[in-house]
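*Asks:* Pasting a structure below so you can have a look.
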Amino acid sequence: MKTRVLTGITTTGTPHLGNYVGAIRPAVAASWRDDVDAFYFMADYHALIKSDNPERIERSRLEIAATWLAAGLDPQKVTFYRQSDIPEIPELTWFLTCVTAKGLLNRAHAYKASVDKNTEAGEDPDAGITAGLYMYPVLMAADILAFNANKVPVGRDQIQHIEMARDIAQRFNHIYGREFFVLPEVVIEEQVATLPGLDGRKMSKSYDNTIPLFAGGQKHLRESIMRIVTDSRLPGEAKDPDSSSLFTIFRAFASEAESVAFRQALVDGIGWGEAKQVLFERIEVDVAPMRESYDALMARPAVIEEILQEGAKKARAIAAPKVAELRDAIGLRSGVAIAPQAAAKAAPKGGKAPRFASFRDTDGSFRFRLFSADGEELLLSKSFADPKAAGSLQKRIKELGAAAVLQVQALSMALELDGEHVAVTPTYTGEQARDEALTRLRGALDQLAAQE
Ligand code: TRP
């Protein structure tokens, strides 16, 4: 069994060294494991909550996609897509919104922090706060739950959001009476380094102290490294590696042996300028080849677009049946199913009606099919050793009618009874054909239930 690992990257900024070491590199490494089924996506709907600058959003989406691909993500192996290419996500967001307690969202850290800031400033508590910020955790829950993700690697600031996704999933499962959603688990990568930025604080866009990964090329990388703040010790004076940002950053790229050598050089009094050059060259060993693919991708956005469209297709193949199943469960069913009596009456008296046809399979077991009034095969039952058991399943299906639980799968559906798939539909040629068949199947079940 593969573990489905899913994470999103908000597309507001330009990737920096801290993003690379803290998120991109470990995620790409995990995606290569055989026991991992990775789903990585660009959270561009989330980006809209933070930025209303269209050029910035567009640029960041492109840069982030190119960065992940250049860093070694294999789009054949990983499902790599943009949130905004998956219409099932906003649809699911609404379903989840309707079961989410408003009080839960009141407690979200990000929203609360904004309220506190307003209150301190003597403003209206909700001044300048959009409903987008407020709904952030529900959108994030939909990102995760649409794909039945098992593990969600995130930074510490996101732990609460995963907890909320679990809460919301449980609430939905409870209300609609079935385990629709897998409960996701948060993964915090403890051993991954947090890089200091130019000023020694954690490297972060919000501190404006970042070292860009690719943007600006080799020249800009070198210039940024030369601006890392150090103490004022002169060449020849011993430096303390453990309080030096240079050493922390170096270690995040280097082998153990290289780190030992760099530590010694600092203790031996290497000048800061020279040490920065050593750091720059070490980072370049890793970054230069990736930068080359990054630049090639950035020069051909159409290639990136094609990869993302493929990814969206793969992602939707999972999210679409999931959402179809949910629509069915919450009562958003096709019009045919709404009026069972009318449908039954509409069938001409003494005319054709859906029917069961029992048969004996080659292995001697008993099964049956359900045919529509037009003779289309709608369902094939599982095998029974005892013909009476097959008969009583027919009776139960008749009693249930359109209330029968239908599990929508990629290109087929299954009728579920007591948690077991007891009959399956044929395989359809596409999602649309499947959805149309769902309507016919529901109609036929209605008619069955209405029969004497
Ligand atoms: N909110 C996350 C962040 O800012 C990004 C994100 C959006 C995400 N949807 C997600 C992460 C789903 C994990 C799963 O870091």
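A Cβ is built for glycine as well, from the same backbone N, Cα and C atoms used for every other residue.
When I checked TrEMBL for this same protein, it listed these features:
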BINDING   THR10, THR11, THR12, GLY18, ASN19, GLY155, ARG156, ASP157, LEU195, LYS202, MET203, SER204, LYS205, SER206  ATP binding site
MOTIF     11-19  motif ''HIGH' region'
BINDING   ASP143  L-tryptophan binding site
MOTIF     202-206  motif ''KMSKS' region'
*Asks:* For the motif ''HIGH' region' (11-19), give me same-chain residues lying six or more residues beyond its boundaries with a C-beta closer than 8 angstroms to one of its C-beta atoms, as numbers and ranges.
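*Replies:* Tertiary neighbours of the motif ''HIGH' region' (11-19) are 42-44, 47, 50-51, 56-57, 59-61, 63-64, 67, 194-195, 197, 202-205, 210-215, 249, 283.
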*Asks:* Quick one, of the binding-site residues ARG156, LYS205, which Cβ has the fewest other Cβ within 10 Å?
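*Replies:* Each of the binding-site residues ARG156, LYS205 was scored by Cβ atoms within 10 Å; lowest is ARG156.
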*Asks:* In Å, rounded, how far does the Cα of THR12 (ATP binding site) sit from the Cα of ASP143 (L-tryptophan binding site)?
*Replies:* 18
*Asks:* Can you list which of the binding-site residues THR10, ARG156, MET203 have their Cβ under 6 Å from some atom of ligand 1?
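*Replies:* Cβ under 6 Å from ligand 1: THR10.
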*Asks:* For LYS205 (ATP binding site), which DSSP three-state class applies?
*Replies:* helix
*Asks:* Specify the secondary structure state of THR12 (ATP binding site) as given by DSSP, simplified to three classes.
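*Replies:* Where THR12 (ATP binding site) sits, the three-state DSSP reduction gives coil.
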*Asks:* Taking THR10, THR11, THR12, GLY18, ASN19, GLY155, ARG156, ASP157, LEU195, LYS202, MET203, SER204, LYS205, SER206 as the record's ATP-binding set, what's the max Cα pairwise distance in Å, rounded to a whole number?
*Replies:* 20
*Asks:* Could you round the CA separation between ASP143 (L-tryptophan binding site) and ASN19 (ATP binding site) to a whole angstrom and send it over?
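*Replies:* About 21 Å separates the two Cα atoms.
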*Asks:* Validating a neighbour-count step here. Other CB atoms within 10 A of the CB of MET203 (ATP binding site): how many?
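*Replies:* For MET203 (ATP binding site), the count of other Cβ atoms within 10 Å is 23.
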*Asks:* Across the motif ''HIGH' region' (11-19), what does the pLDDT come to on average, as a whole number?
*Replies:* 94
